[in-house]
Amino acid sequence: MRPARALIDLQALRHNYRLARELTGAKALAVIKADAYGHGAVRCALALEAEADGFAVACIEEALELRAAGIKAPVLLLEGFFEASELALIAEHDLWCVVHSLWQLEAIERTQLHKPLTVWLKLDSGMHRVGLHPKDYHEAYQRLLASGKVARIVLMSHFARADELDADATAQQIAVFEAARQGLAAECSLRNSPGVLGWPQAPSDWVRPGLMLYGATPFEVAQAEAERLQPVMTLQSRVISVRELPAGEPVGYGAKFVSPRPTRVGVVAMGYADGYPRQAPNGTPVLVAGKRTQLIGRVSMDMLSIDLTDVPEATVGSPVELWGKHVLASEVAAHAGTIPYQIFCNLKRVPRDYIGE
């Protein structure tokens, strides 16, 4: 069997969820949208269900997958609904729903439901993606209450730059949110992963840890609380070929690496079809036979090459960690000019193995 696999440590997942609770004292929705950022939504939900206050996904399709797997905990639809016809399913399956636009509010008002909804009313506090304008927020809240279709409302917004700890934007968003919710008697939710780790002043009865659940930092610089996270995924494979090259020889497509010295080259069963970033350049760190080395040459669809010159003990069959506990996903993402969110979500072909259940 091809050795490219993702090892998912569910005990580390639980540790990171508990850390979100510990740091905030709030209730926490575990964000498991996009198949739990490539970690497997159902398995992650089952691992957390005994202690999680609820889950958050992008859309009703993701929520129904959890319900089909027997997950009974609250599930929030972060994008809300896309058509009014979804409201009956939302009520039937006891899902919670974000309302971020007036058309959604109007759809709720005119739809007959057999049970009232739990709505998370989203404010655009400055990100300008989705969310109600502050001038419409109070009226929307009152209309939801008056509709007779809503049993509970949670007030929410989303940070745009909370991963930048020295930026003024987050404090400004907090101020906009605080002003908009004045006089509204409801719980609130502001803090995502960087909010949990770096913005203790942000009000939140509910927090929404996403990336931090999987043990990756949302920050580009070191941050004390993020250092306590435990990586959940280890992307691993093995060396499948070794060759010796003299100085001056090219490696891989486009000859993007030319050996500056006699070089021992290892080929690893891992490529961009597995989700490893094709744009990862020469020098991207990897771990082989327990020692750090680096990527050389362009990443191929199914294979990549690494420098084994200074790892003489590595040979065919030696284990390789592409990211995990020793080579952080954030390191690989930074070298590739992207973010850990993306490299996790890009994993499609790699089978997953679970430990710590």
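All positions are counted from 1 along the displayed chain.
Using N, Cα and C of the backbone, Cβ positions are placed for all residues, glycine too.
Feature annotations, reproduced from Swiss-Prot:
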MOD_RES   Lys33  N6-(pyridoxal phosphate)lysine
ACT_SITE  Lys33  active site, proton acceptor
BINDING   Arg129, Met301  substrate binding site
ACT_SITE  Tyr253  active site, proton acceptor
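Mapped onto this structure are the features recorded in Swiss-Prot.
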| residue | record | DSSP (3 states) |
| --- | --- | --- |
| Lys33 | N6-(pyridoxal phosphate)lysine | helix |
| Arg129 | substrate binding site | coil |
| Tyr253 | active site, proton acceptor | helix |
| Met301 | substrate binding site | coil |
At the Cα level, what's the spacing in Å between the residue listed as 'N6-(pyridoxal phosphate)lysine' and Arg129 (substrate binding site), rounded?
18
List nothing but the one residue from Lys33, Arg129 whose Cβ has the fewest other Cβ atoms within 10 Å; the candidates are the recorded positions.
Arg129
If you skip the near sequence neighbours and keep only those at least six away, which residues in the chain come within under 8 angstroms of Met301 (substrate binding site), Cβ to Cβ?
Gly271, Tyr272, Ala273
Round to a whole number and give the Cα-to-Cα distance in Å for the pair Arg129 (substrate binding site) and Tyr253 (active site, proton acceptor).
39
